[in-house]
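Take a look at the structure below.
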Amino acid sequence: PNRKYKFLLFGIQDGKRRSPVSVEAKTVPRSDASAGAPPRLGELWVTDPTPDSLRLSWTVPEGHFDSFVVQFKDRDGPQVVPVEGHERSVTVAPLDAGRKYRFLLYGLLGKRRHGPLTGEGTTETRRAVDEAGTKRPSKPRLGEELEVTSVTSDSVVLSWAVPEGHFDSFVVQYKDRDGQPQVVPVEGSLREVTVSDLDPARRYKLLLYGLYEGKRVGPLSAIAVTEPAPREEMEAEAPSLPASEPRLGEVTMEEATPHTLHLSWTLREGEFNSFEVQYTDEDGQLQVVSLGGDQNDVTLSGLESDHRYLVSLYGFHDGQRVGPAQVEALTAPREEEDEPSEPPSTTPEPLTKPRLEELTVTDATPESLQLSWTVPEGQFDHFLVQYKNGDGQPKAVRVPGHEDQVTISGLEPDHKYKMNLYGFHDGQRVGPVSVIGVTTAEEETPSPTEMEETPSPTERPEEPILGELTVTGSSPDSLSLSWTVPQGHFDSFTVQYKGRAGPQVVRVGGEESEVTVEGLEAGRKYKMHLYGLHRGQRVGPVSTVGVTAPEPEEVPPATEPPQEPRLGELTVTDVTPNSVGLVWTVPEGQFDSFVVQYKDRDGQPQTVPVAADQREVTVPGLEPARKYKMNLYGLHDGQRVGPLSVVAVTAPVPPAPATE
């Protein structure tokens, strides 16, 4: 509203752009009647197919949603994927290979649901992935660079080449002044596009992707800086657009090598005159890197390998310092394979020096290798397993000194890995001892008919595997964790972490999928490791990092202290064969939002987010005539309150009417 726009019309002939004609127009101010205009969903794309996932991207051309919900059906029935309101993309997994899916995207604002947008996509087949090397050579290819051919104060013109093949379409991506991703679709026959509605005198990083048969190729990237606004336009708009105070957004680690860190950042609002990046080197000395206000990334060099750095970003505006925005980043470990072995010492080594012997592969799956080793003498402080992933990038896994085995996960099926084990003692490195391991091939899931024809009563139950570990809540002295078990069942779990007094262990029963770890320190970062125990064997770990809440500041007592919100009663109001209606009360205070949790038929926890002003919800995608335990949590200031619980039984499927 109340903004001046310049429109340029170009004619395209034979792939070339002709000179534009232009016109200027100004939108009217927003009236009181339209002040509460609802947000609007734009377009939905389904891209990046793999055998078990599809990526969804969408636009919101107007307004803001509290959250989104993606709905689709798989072989187990309806599924729901909640997405936070600031996101514009999500990867949906796990899916079945070679299957077509139809997705519905809804935007949620208060009690209203907007949409849906619909999109279809097909996952890749396993065979297509295996035969990728022999597929037809006519796959289209983007050229060498994305060229900026013209800029104005509010637009950038991009052009590119396609030296081989033809794309179905293109997509240009960039981030606006609020750090929100924006998408511009382009027809496959075009070789240039005008990206408009930009801010004057601002630096943009633009990414171009080509889309071909549902796959994304690229990106090509280019940096463009829009021209300053014309003086008369700035003078005309100055009274209605007061300069906003700049605010820092998030700092992100883009890439790590053994001696460098590449960082980028966003701005939530405004512009800075300059930036300053600070970190402490391995000698404890503060290092400062000064940058211009038009930059949004930096590469820190001369760093120590396998070292954790706390990097602080400050912005400077009119002599004032804003910040810091901070990120913890870890440099990659140095590759050790080609290092010559140390010459033997002329003096005999003392007997107390620990020795490594015999590294062995004890188990293999399509995505993991289990290693074990012996230490015939002495005791190590810790171990380090090094290997290269499928892209040739070095990886390292640290193991406590009291362990003699580890499971390396996240590997590729039917792939050979060289594993190097080092022991560390009093700052000295011993080793490596090495072994070659090969992950097993991915097994095709048998069809239902195959399973019926070849029953095997003596077949052992499938081995359990750990899914994801998530921090679901924090307080000054505790962290709440939850996890998934996508296959099988464990006898028990253990959570391990390091406290001020050393390693700590929390044991959890095998039927549980969440735990609250207490006795922690306020405002401190903890790395939590979850292991599953099955028939005496330990599986894992899966890990996550959580930060306890800071100690609440002492505030002088007010005349009316704010009420802590409190949950009242949870009631089942309606049941159908595939849904349950819930309603609840909040007798005191106000929550930021709610979450309903329950377990599906496979024992996997499912989550339904609910906006703060709602007191009822319908939980869809359930199975007929099945008992569910519904848990309601209220979220307030980052803390989880509850749960309230209720047991509901879905209605049976009504019998088909009898025919005479």
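Cβ from N, Cα, C; glycine included.
Across the domain 'Fibronectin type-III' (38-128), the model assigns an average pLDDT of 88. Positions annotated as domain 'Fibronectin type-III' by TrEMBL: 38-128 (among others).
The region 'Disordered' annotation in TrEMBL covers 115-140 (among others).
The compositional bias 'Basic and acidic residues' annotation in TrEMBL covers 123-134.
Counting residues per DSSP class in helix, strand and coil order gives 1 helix, 50 strand, 45 coil for the domain 'Fibronectin type-III' (136-231). Per TrEMBL, the feature domain 'Fibronectin type-III' maps to 136-231 (among others).
Taken from TrEMBL, the feature domain 'Fibronectin type-III' covers 247-335 (among others).
Residues annotated as region 'Disordered' in TrEMBL: 331-355 (among others).
The annotation domain 'Fibronectin type-III' is assigned in TrEMBL to 355-444 (among others).
Residues or ranges marked as region 'Disordered' in TrEMBL: 441-461 (among others).
Residues annotated as compositional bias 'Acidic residues' in TrEMBL: 441-453.
Residues or ranges marked as domain 'Fibronectin type-III' by TrEMBL: 465-552 (among others).
Look at TrEMBL and you will find 561-656 (among others) tagged as domain 'Fibronectin type-III'.
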Stretch with greatest number of CB pairs under 8 Å, the domain 'Fibronectin type-III' (136-231) reference, 38-128, 465-552, 561-656 candidates: 38-128
